[in-house]
Amino acid sequence: MTPEEAYSEAKAIVLRQVTASPKSRKQLETKLAERDIPAESAAAVLDRFEEVQLVDDAEFAQLWVRSRSQSKSLARGALRRELAEKGIAPDLAAEALEQVSDEDELEAARELARRKLQRSADLADRTVRDKQTRRLVGILARKGYSPSLGFRVASEVIAAVREERGDSV
């Protein structure tokens, strides 16, 4: 493959990829390497796409954080890990994560816990309550929330449900 053909092929691949969904530069580099595009052709195409702002890691990070924090109820820690996996520089990731406030994160954790709490559970029974608390803390931990926040939110949500039901608190 001549350098011109490699450049043309790389350009077509990148265009298809960014048309489908936003991608980070590292994701595109990986895709081009999988397709055996020479590194110099890949770099030239990606540099050009960055110049015309079709590839923008800062914008990608902003979109990713907004989307994943809402759709998946992920905490900032989990989002930071995902951005690192996508090849986003730590400073760009930190800037994107600023859009998620502590209050937003707390409310997302509460909403997730409310959705995941098993409504049929007999929360008046201490053992069932403890089991539900552990279950909710585990769910929140897998979404990137700290154990302390998980326990706090699980306790609040269980107490609120018990109050709604008229269980003794």
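We count from 1, first residue shown onward.
The backbone N, Cα and C atoms fix where each Cβ goes, glycine too.
Listed in TrEMBL:
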DOMAIN    10-48  domain 'RecX first three-helical'
DOMAIN    56-97  domain 'RecX second three-helical'
DOMAIN    103-149  domain 'RecX third three-helical'
- Calculate the per-residue pLDDT averaged over the domain 'RecX second three-helical' (56-97) and state the result as an integer. 94
- Message: Looking only at the domain 'RecX third three-helical' (103-149), how are its residues distributed among DSSP helix, strand and coil?
- Response: 34 helix, 0 strand, 13 coil
- On the DSSP side of things, how many residues of the domain 'RecX second three-helical' (56-97) fall into helix, strand and coil, could you say? 33 helix, 0 strand, 9 coil
- Pull the DSSP breakdown for the domain 'RecX first three-helical' (10-48) and write it out as helix, strand, coil residue counts. 31 helix, 0 strand, 8 coil
